[in-house]
Amino acid sequence: DWECLPLHSSCDNDCVCCKNHHCHCPYSNVSKLEKWLPEWAKIPDALKRCSCQRNDKDGKINTCDKYKN
């Protein structure tokens with residue numbers, strides 16, 4: 001049975017991260033920002049990467065249905 005990705009792994013949704021982590025995309029607003037940037041100011045893909053981060057008390061938690069039971 002497939003387990004879950006460890007902390008700091010690349011992810012595209014909460015379900016691939018472990019239950020006590022969530023998939024965090026620090027630059028999820030980058031696409032909006034890029035519209036306003038000059039053509040040469042490209043933001044590297046590495047910065048746009050989402051990764052599994054620890055759940056925290058600010059409500060950043062894993063919302064995947066498979067963990068809800």
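All positions are counted from 1 along the displayed chain.
Yeah, the Cβs are placed from backbone N, Cα and C, and that goes for glycine too.
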Going by Swiss-Prot, tell me which one of Cys4, Cys15, Cys17 is disulfide-bonded to Cys52.
Cys17
Can you look up which of Cys25, Cys64 is joined to Cys50 by a disulfide in Swiss-Prot?
Cys25
Determine, on the basis of Swiss-Prot, the cysteine among Cys4, Cys11, Cys64 paired with Cys23 in a disulphide.
Cys11
Where Swiss-Prot annotates a disulfide for Cys18, which of Cys4, Cys64 is the other cysteine?
Cys4
Once the chains shown are all counted, how many other Cβ atoms turn up within 10 Å of the Cβ of Cys52 (disulfide bond)?
22
At 10 angstroms around each C-beta, which of the disulfide-bonded residues Cys50, Cys64 has the fewest other C-beta atoms nearby?
Cys64
If you measure from the CA of Cys64 (disulfide bond) out to 10 Å, which disulfide-bonded residues from the list Cys4, Cys11, Cys25, Cys50, Cys52 are inside that radius?
none
If one looks at the chain holding Cys18 (disulfide bond), which residues at least 6 apart in sequence have a CB under 8 angstroms from its CB?
Glu3, Cys4, Leu5, Pro6, Leu7, Cys52, Asn62
